[in-house]
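> A single structure is presented below for examination.
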Amino acid sequence: MSPLNSPSLFNATIVRPEFFYISGFAGIPHANYYYVFLGFVYVASLLGNAFVMFVIYTDHSLHTPKYIVVFNLAVTDLCGSTAVVPQMIDTLLFKSHLISYEGCLTNMFFVFGCLNMQSFTLMFLSYDRFVAICFPLRYYEIVTNKSMLVITTILWILSGMVILKSLFVINRLSFCKSNVVNSFFCDHGAVTLLACDDNNPSAVINKMDSVLILWVPVLFITGTYICIARALFKIADASERLKAMKTCTSHLILV
């Protein structure tokens, strides 16, 4: 019997499946090559981020506001890739397509929570460069290790609250159509489409989240770099201008 046809489920106000079926790369030819590629990418990400974290942690000269944020970015990237890739390989390579309802929401929390934090962290790095270039004499007064740690903590809490709000909405939906998730992991949008309730409230929340997580950071980063560019053009000495530009290079590469 399908988990969606259980009488006990239909007697409840909210219908929830026992599990979801992750379709993944079904039907794609030579899909095993994707798994091998994902494995290499994950190992490279794991080693690269671990190396960055180790260097920043052990080198006391890097215990500065900027590198606190870079360390946090490495942590979020490591956690995000760990939440997606190993389970994806297990699901698709070893044909383990089923994931429990609770497991799906848990996976969704870690994946999107880390993605949210990555977006906020890149925005935060642009703020650091903005203060360094536009207010160089007040940089060490405005940007301190303590302020960076406080803001980073606030951003982690905000990232968690954003995804928890979305999960709360999903948890109030009924799933009586299908339990097949047309994605390679528990994607928020793909799971929401399976609901048989009115999806308008969820769609509105998704749009609000997109504005907060995507467009606010993009507009903030764009605005700060416009201000940085204007400040650089005001520097008469070419060598000083080049030195100031180099301080922004690492952030641009990360973006």
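Keep in mind that glycine also has a Cβ here, set from the backbone N, Cα and C atoms.
Values in this document were obtained by computation on a predicted structure and should not be read as measured data.
According to TrEMBL, the domain 'G-protein coupled receptors family 1 profile' annotation covers 48-255. For 33-57, 69-89, 109-127, 148-170, 212-233, the entry in TrEMBL reads transmembrane segment.
Context for these features, please: burial, neighbours, distances.
Below 8 angstroms of C-beta separation, residues 25, 63, 67, 70-71, 74-75, 77-78, 81-82, 85-86, 88-89, 92-93 of the same chain, each at least six residues beyond the ends of the transmembrane segment (33-57), sit close to that stretch.
Note on the transmembrane segment (69-89): residues 24, 35, 38-39, 41-42, 45-46, 49-50, 52-53, 56-57, 99, 107, 110-111, 114-115, 117-118, 121-122, 124-125, 128, 148, 152, 184-185, 250, 254 of its chain, located 6 or more positions outside it, place their CB under 8 angstroms from a CB of the stretch.
Here the transmembrane segment (109-127) has Cβ contacts under 8 Å with residues 66, 69-70, 72-73, 76-77, 79-80, 83-84, 151-152, 155-156, 158-160, 162-164, 166-167, 185-186, 188, 213-214, 216-217, 220-221, 224-225, 251, 254-255 of the same chain, all six or more residues outside its ends.
Distant neighbours of the transmembrane segment (148-170): 65, 68-69, 72, 105, 108-109, 112-114, 116-117, 120-121, 124, 128, 188, 191-192, 195, 201-202, 205-206, 209, 212-213; these residues of the same chain sit at least 6 beyond its ends, with a Cβ under 8 Å from one of its Cβ atoms.
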> Please indicate, using numbers and ranges, the residues of the same chain that are 6 or more beyond the transmembrane segment (212-233) and have a C-beta under 8 Å from a C-beta there.
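Same-chain contacts beyond the ends: 115-116, 119-120, 122-123, 126-127, 129-130, 133-134, 162, 241, 244-245, 248, 255.
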